[in-house]
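S.K.: Can you read through this structure? Questions will come right after.
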Amino acid sequence: MALNVVIMAAGKGTRMRSARPKVLHTLAGQSLLQHVLQRAAALQPQRTLVITGHEAEQVERHVSATAPEVRCVRQQPQLGTGHAVLQASPALDASAGTTLILNGDVPLIEPATAQALATACGGERLALLTVTLDDPTGYGRIVRSADGTQVQAIVEHKDASEAQRAIREVYTGMMAAPTAALQRWVAALKNDNAQQEYYLTDIVAMAVAEGVPVVAASAADETEVLGVNSPAQLADLERRLQRRQAQALLEAGVRLADPARFDQRGTLACGQDVEIDVNCLFEGTVSLGDGVRVGANCVIRNATIAAGAVIHPFTHIDGDKDGVTVGEGALIGPFARLRPGAVLGREVHIGNFVEVKNSTLANGAKANHLAYLGDATVGERVNYGAGSITANYDGANKHRTVIGADVHVGSNCVLIAPVTLGEGGTIGGGSTISKDTPPGQLTVARARQVSLGGWTRPKKAPKP
Ligand code: UD1
Ligand code: MG
């Protein structure tokens, strides 16, 4: 079905008490508007329009960065929801017979529900998404015929009579309308009401007067139609979404220690028998292979973790743009930090207070304590001692350190890049290595130890 989608996002969002436009606040790591845009894109509309107004430039930049095919239409000033749709009216694709109206601050609308609404319209009927609430205060009420079958109008809370205020079926702010009729109706709206606004909801009575059928579809789950007006509502929706994501993982067999203490801001793919302890945060694109265990309080972003790896508590893995790869059976942490471009082979061990950035560690390499590996290529089975670091940055340029297979780097070494350590060599503890080292030999680069027999400690002068 050919479809236009209009997303209303011009409102101010006063109750957020924020300098940031409301629709750019984030839910599970992405903006409210992005949630709506993604869900709208699932319907493959002919055209999608976002109505901007308050902080329009900022919202428009966000739209062009995240959904370049979407057009923005300015509404200046904001004279109500009907006035908003009127601004979009000339930009609607006339060949798309149905226009679906969504809200930029109602992020969790299910594509299936939006599709059902568009289908109920079918280019011929006015389809309203409604929900029945225990407390309908503030919402537009669905006024029906005496026998309850026909929708006759939507009356805004502020304009409603006492009897109408008792109605618990309300308009969610989402509807689908025949495109040509919608264009005609919004052009004819008046603002003679309590708020002196052009109400989009007044088109219902116009449709009824013209004999256009008005149908109401109801949302399966109230979470789908909840809007965000305040930080408290945003936090509530975040928990609902997190709970839902956690539930899906549990159903897929992932063992979350506590679904209430789990956060996923992006996509998380899990193999079989994955275990995730409490307070872990997954961001961007993360994949956990079969049998991966993640300890408590880990933050993992843009990373691929192979089967059987164990991530001990308090580990921070941030792949950012380059990603992080952890090989099969690797042991990471506790308190480890893996940064962009860390590529770890099978059974690599990275222990506490070890930082790895833009470095490859081949199978079985180990850096167990207090170390830094930056811009390094580390061979198989290397043992990298406690307190050792690569000095990879000369203040202007970054240089590589290459450590051959089976090298043992003692404790507290400084490897001044560019430098290559030959295979099977040993570097004595405390060495500062500034030249390449030969394979198979012990290299020591530190002052020779001396002991002086005739030396006496200085003594303090006696107090006068
Ligand atoms: C609207 C509906 C009401 C419904 C409720 C559901 C109207 C007249 N009323 O009321 O029946 O129950 O939503 O939440 O439509 N916006 C613009 N330009 C404007 C005004 C608003 O783009 O000039 C946008 C807002 O950013 C928001 C949406 O339209 O995304 C709804 O506006 P809002 O002011 O929240 O309408 P309500 O009074 O809540
Ligand atoms: Mg509202």
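Cβ coordinates are placed from backbone N, Cα and C, and glycine is handled just like the others.
Pulled these features from TrEMBL for this protein:
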{"type": "REGION", "residues": "1-231", "note": "region 'Pyrophosphorylase'"}
{"type": "DOMAIN", "residues": "5-132", "note": "domain 'MobA-like NTP transferase'"}
{"type": "BINDING", "residues": "Lys22, Gln75, Gly80, Thr81, Gly140, Glu156, Asn229, Arg339, Lys357, Tyr372, Asn383", "note": "UDP-N-acetyl-alpha-D-glucosamine binding site"}
{"type": "BINDING", "residues": "Asp105, Asn229", "note": "Mg(2+) binding site"}
{"type": "REGION", "residues": "232-252", "note": "region 'Linker'"}
{"type": "REGION", "residues": "253-464", "note": "region 'N-acetyltransferase'"}
{"type": "DOMAIN", "residues": "324-416", "note": "domain 'Mannose-1-phosphate guanyltransferase C-terminal'"}
{"type": "ACT_SITE", "residues": "His369", "note": "active site, proton acceptor"}
{"type": "BINDING", "residues": "Ala386, Asn392, Tyr393, Ser411, Gly429, Arg446", "note": "acetyl-CoA binding site"}
S.K.: Can you check which residue among the recorded positions Lys22, Lys357, His369, Arg446 has the largest number of Cβ atoms within 10 Å of its own?
M.R.: Lys22
S.K.: Can you name the recorded positions among Lys22, Asn229, Lys357, His369 whose CA is within 10 A of the CA of Ala386 (acetyl-CoA binding site)?
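M.R.: Hits: His369.
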S.K.: Over the domain 'MobA-like NTP transferase' (5-132), what is the model's average pLDDT?
M.R.: 97
S.K.: Go ahead and report the DSSP secondary structure tallies for the region 'Linker' (232-252): helix first, then strand, then coil.
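M.R.: Split into helix, strand and coil, the region 'Linker' (232-252) gives 20 helix, 0 strand, 1 coil.
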S.K.: Based on the record's binding annotation for acetyl-CoA (Ala386, Asn392, Tyr393, Ser411, Gly429, Arg446), what whole-number value in Å is the widest Cα to Cα distance?
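M.R.: Between the outermost Cα atoms of Ala386, Asn392, Tyr393, Ser411, Gly429, Arg446, the distance is 22 Å.
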S.K.: Anything within 10 Å of Asn229 (UDP-N-acetyl-alpha-D-glucosamine binding site)? Look among the recorded positions Asp105, His369, Ser411, Gly429, comparing CA atoms, and list what you find.
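M.R.: Of everything listed, what lies within 10 Å of Asn229 (UDP-N-acetyl-alpha-D-glucosamine binding site) (Cα to Cα) is Asp105.
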S.K.: Indicate the candidate from Ala386, Tyr393, Ser411 with the smallest number of other Cβ atoms within 10 Å of its Cβ, considering only these binding-site residues.
M.R.: Tyr393
S.K.: Just to be sure I understand the packing, how many Cβ atoms besides its own are within 10 Å of the Cβ of Gly80 (UDP-N-acetyl-alpha-D-glucosamine binding site)?
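M.R.: The answer is 20 other Cβ atoms.
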S.K.: How many helix, strand and coil residues does the domain 'Mannose-1-phosphate guanyltransferase C-terminal' (324-416) contain under DSSP?
M.R.: 0 helix, 47 strand, 46 coil
S.K.: Looking at UDP-N-acetyl-alpha-D-glucosamine and its recorded binding residues Lys22, Gln75, Gly80, Thr81, Gly140, Glu156, Asn229, Arg339, Lys357, Tyr372, Asn383, figure out the farthest C-alpha pair and report it in angstrom, whole number.
M.R.: 71
S.K.: How about long-range neighbours of the region 'Linker' (232-252): same chain, 6 or more residues beyond its ends, C-beta under 8 Å?
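M.R.: Residues packing against the region 'Linker' (232-252) from afar: 16, 25, 27-28, 107-108, 223, 226, 259-260, 262-264, 268, 270.
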S.K.: Just to verify: the residue among Gly140, Gly429 with the fewest other Cβ atoms within 10 Å, which of the binding-site residues is it?
M.R.: Gly429
